[in-house]
Amino acid sequence: MEISGILLAGGASRRMGVNKALLEIGGVPLISNISSELSAVAHTVMISCSEKDKDSDTYRFLGLPIITDTYAGLGPLGGLHAGLSHSQTEWNAVVACDLPFVTKELLQHIFNRAGNAESNVQAIVPVAANGKVQPLLAMYHINVLPSLEAALENRHSRVMEWLQGLNVLYIPEDEFPDSFMNQRDVLLNMNTPDDYQTVVQQASAKQDGNSET
């Protein structure tokens with residue numbers, strides 16, 4: 001079973017003050033790391049971004065298809081709609097560009113759950129140990145598109161409100177494979193400069209730890 005990858009890069013990054021997708025971790029733009037992990041499990045990967053970023057070739061260096069929102073200004077749901085509208089597969093991996101520690105192993109785990117899910121399941125969504133739902137690191141079936149369009153037509157842009165109308169399989173973090181137990185930050189997202197500094201420090205510590213093994 002093939003899946004499409006949708007990388008959401010259209011956020012305003014107001015709290016960060018700069019484009020989060022282009023912040024570097026270990027000398028590499030965040031969006032490059034995420035696209036590499038996503039490309040390892042998805043048949044095709046597309047970048048969903050603003051018209052401004054597309055026109056300015058912000059993400060051309062990635063060499064991936066770039067799409068823009070039909071419903072501009074409606075946040076991640078607008079980006080998800082754009083991606084699903086261009087998808088050729090039943091299941092689609094969606095990843096926001098502010099998830100610095102996402103791994104291909106986690107994406108594959110979520111994808112595997114999609115393959116084994118009951119036929120009425122429309123989304124596979126992880127839940128962090130603290131109870132926070134992470135709907136922008138998830139799998140969505142193409143059949144969510146009508147409900148997504150209905151929400152956007154009514155200018156409803158809250159992801160969690162839309163999610164409540166779907167048949168969702170939630171995956172608690174404590175059900176992740178044992179190999180993830182030392183990677184509790186795989187669901188971490190960053191929104192502020194302080195978050196970014198913390199991520200840089202954690203990434204550096206991980207790199208140092210890997211070099212010692």
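In case you wondered, yes, glycine gets a Cβ from its N, Cα and C as well.
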- Note on the structure: Among LYS20, LYS54, TrEMBL assigns to the GTP site of LEU8, ALA9, GLY10, ASP69, ASP98 just LYS20
- Per the record, GTP is bound by LEU8, ALA9, GLY10, LYS20, ASP69, ASP98: how many Å separate the farthest pair of Cα atoms? 19
- Task: Would you report the average pLDDT that the model assigns to the domain 'MobA-like NTP transferase' (5-161)?
- Result: 92
- Can you tell which of ASP69, ASP98 has the most other C-beta atoms within 10 Å, given these are the binding-site residues? ASP98
- Task: Just name the most isolated of the binding-site residues LEU8, ALA9, going by other Cβ atoms within 10 Å of its Cβ.
- Result: LEU8
- Row LYS20 (GTP binding site), column other C-beta within 10 angstroms, all chains, value 25
